[in-house]
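Engineer: Swiss-Prot lists these features:
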type    : residues                                          : note
BINDING : T54, D128, E189, K219, D223                       : substrate binding site
BINDING : 190-192, N224, 253-258, E276, N311, 332-334, N377 : NAD(+) binding site
Amino acid sequence: MADFIVKDLSLADFGRKELDIAETEMPGLMALREEFGASKPLKGARIAGSLHMTVQTAVLIETLVALGADVRWASCNIFSTQDHAAAAIAASGVPVFAIKGETLEDYWAYTDKIFQFADGTCNMILDDGGDATLYILLGARVEAGETDLIAVPQSDEEVCLFNQIRKRMAETPGWFTKQRDAIKGVSEETTTGVHRLYDLHKKGLLPFPAINVNDSVTKSKFDNKYGCKESLVDGIRRATDVMMAGKVAVVCGYGDVGKGSAASLRGAGARVKVTEVDPICALQAAMDGFEVVVLEDVVQDADIFITTTGNRDVIRIEHMREMKDMAIVGNIGHFDNEIQVAALKNHKWTNIKDQVDMIEMPSGSRIILLSEGRLLNLGNATGHPSFVMSASFTNQVLAQIELWTKGADYQPGVYILPKALDEKVARLHLKKIGVKLTDVRPEQADYIGVKVEGPFKAEHYRY
């Protein structure tokens, strides 16, 4: 029986061609293959990967394999898979379980499958959003007697998650605890997943070390900002074909993702307003030239609304009922709870095309909802460009190597890769875009108290 689930294996050739192109735009990952391909530092690592199954992720997967790892993969979002990329990975012999538009039930079943290694346990997790980590740790707590944790689901997603946990416990008693105890570490890709890890550690519920990849400078200041700057408008255009020039757009949140999103919309000619709860970010937005407002003051006038906060209930049902006819509503934060999509269930929905729905309000006005409130840049388009994802994924590979080869040096907790590795990731990407670094002379290095080879900034420096 084939150890993969993809939409159409015949798409593998198309996927392979796109992988070949992506490799030329991902110098960091290709450099790691060259540096570590012979020594295979990930030999023996059995990595359960939960991250958007895109062309760029396929290059990451093949890099992990080239470095010796045994890998099983699922997407971390029901809409983000590129089916031809999944097919290419399946055809290469790597077990992958991902279909664009999969159901929530399938999503959690596929998450379960990434842990089904031949000997019964994985020993590493590569996560994006924290769902793979959540699945194992929540299941282990239920096995330990905390059955109330899955007694009352609060969403459709929790219904499917809790059912999958019960199913696995019935089929293989003690499975979650066995998996948890075998895991040596997790590397986490995104802001939301990192929040989960810090919360687990604070409560004493994180049993293994975790590396916070998101807060590597070469991830958060590049993927989150420059990636969103290109992919947000791409997703809106593919979904709606609307002209953004002259439109009023509201970006909720001005962290790194919000900064990139506001720049994306401004670059398309939109008149951008920003909402913020953090006074520092609000001041940044204002000094970047954006009007900082509260949502209630602009909800009737704006044409496009984008959430970027990582928080819940940012755009609520009362906001959507006040929006102008055919306002576009979308999210580029990791989860779908930034917009109160569940509150729209009893309204009239008209599906326009995949991941584009028109929803009629009681007043007769309509909104266009993108990707059901999930990541629109991946649901309605193909996500960030390969080059910026190379920086993020180079950090992921380095984090996996660090945890696998030096795991004994780490206690349970959340860690960040050292500055020297952050600078290495940046350095690996300079030649591709024609950057030439100025060399620091020894007397200059002495003057500012650094080594000639770096790192050039203190750990606390904010870029």
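Note that Cβ sites are derived from N, Cα and C of the backbone, with glycine treated the same way.
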Engineer: Please identify, from the binding-site residues G253, G255, the residue with the sparsest Cβ neighbourhood, meaning fewest other Cβ atoms within 10 angstroms.
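Structural biologist: Checked G253, G255; of these binding-site residues, fewest Cβ neighbours within 10 Å: G255.
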Engineer: Using Cα-Cα distances with a 10 Å cut-off, which of the binding-site residues T190, T192, V257, I332 are near D128 (substrate binding site)?
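Structural biologist: Cα filter at 10 Å returns T190, T192.
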Engineer: Can you give me the Cα-Cα distance between G255 (NAD(+) binding site) and E189 (substrate binding site) in Å, rounded to a whole number?
Structural biologist: 16
Engineer: Could you find out if DSSP has G255 (NAD(+) binding site) as helix, strand or coil?
Structural biologist: coil
Engineer: Let me check the 10 A CB neighbour count of T192 (NAD(+) binding site). How many other CB atoms are there?
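Structural biologist: A 10 Å sphere around the Cβ of T192 (NAD(+) binding site) contains 19 other Cβ atoms.
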Engineer: At the Cα level, what's the spacing in Å between K219 (substrate binding site) and T190 (NAD(+) binding site), rounded?
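Structural biologist: Pair distance, Cα basis, whole Å: 9 Å.
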Engineer: In Å, how long is the longest CA to CA span across T54, D128, E189, K219, D223, which the record gives as the substrate binders?
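Structural biologist: Site span for substrate, by Cα atoms: 17 Å.
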Engineer: C-alpha of G253 (NAD(+) binding site) to C-alpha of D223 (substrate binding site): distance in Å?
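Structural biologist: Between the Cα atoms of G253 (NAD(+) binding site) and D223 (substrate binding site), the distance comes to 16 Å.
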Engineer: May I ask which of the binding-site residues V257, I332, H334 is closest to E189 (substrate binding site) if we compare their C-alpha atoms?
Structural biologist: H334
